[in-house]
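Worksheet for the structure shown next.
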């Protein structure tokens, strides 16, 4: 038992997409284009931006009429395009469909611009292809701002330091100029000579005092050295030689004593079989 409905048989032809004609290289158009340097698979035009694929036939698989499927949300009749054409011819921009057409044209121009920016030839590739960009996080922006702030602070500090140095230089130059003017104007040449003579006398006195102190210290050092030499000569040589001998023999005698003790203990352990067994860990 089959379904209660009219049976429809569909007979598809041998070559529904007309590929036999498309692949035929003996056609006049194919020969003419190949004589100009065209190769199968290339597009037409200076930049070869023309269509590469052949035009295909689409089969209508339904019995619906024109305007049965909605092209827009508001238009069902399928006559909106004609209204737009008439509106453009009459110069009426408020006609139905004119705004939609303008929007389509603007969209196409925008897509072409984006394709040119991306360096792509076809609009289809520009719709699918998305250019990648560098990821800039908030942290990198914050770091840039911090570096800029540090540079500003350093510049301000350097400018303030330079200003302080300039002030100090000016102040010191003013002081020097004041001193020069005061010494040149207030003091007479006679007074200056007296001052210089006094200073020379003071220097001479100081030099004499220092030289006398050095002589006294040198004589006292010589006397102390002589006394030490006399004391060393008075001491007997015998006591010094005995002490040297004692100091030299002490470590050697201690070393030999410990060595003898160790050898005696070793001999006692080897001679006693019980002690040997205990050392080697042998039972029985």
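Residue numbers in this text run from 1 along the chain shown.
Each Cβ is built from the backbone N, Cα and C atoms, and glycine gets one as well.
Note that the structure is a prediction, hence the values are computed from the model and not measured.
Positions annotated as compositional bias 'Basic residues' by Swiss-Prot: 166-181 (among others).
What Swiss-Prot lists as compositional bias 'Basic residues' is 196-206 (among others).
According to Swiss-Prot, the feature compositional bias 'Basic and acidic residues' maps to 207-224 (among others).
Summarising the annotation, Swiss-Prot assigns compositional bias 'Basic and acidic residues' to 233-249 (among others).
Annotated domain 'G-patch' per Swiss-Prot: 25-71, in sequence order, evidence recorded as sequence analysis.
What Swiss-Prot lists as phosphoserine is 159 (among others). Within 10 Å of the C-beta atom of residue 159 (phosphoserine) sit 10 other C-beta atoms, taking all shown protein chains into account.
According to Swiss-Prot, the feature phosphoserine maps to 160 (among others), an assignment based on experimental evidence. With a cut-off of 8 Å between CB atoms and residues at least 6 apart in sequence, the same chain places nothing near residue 160 (phosphoserine).
Summarising the annotation, Swiss-Prot assigns region 'Disordered' to 149-253.
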- Item | For residue 159 (phosphoserine): DSSP state (helix, strand, coil) | helix
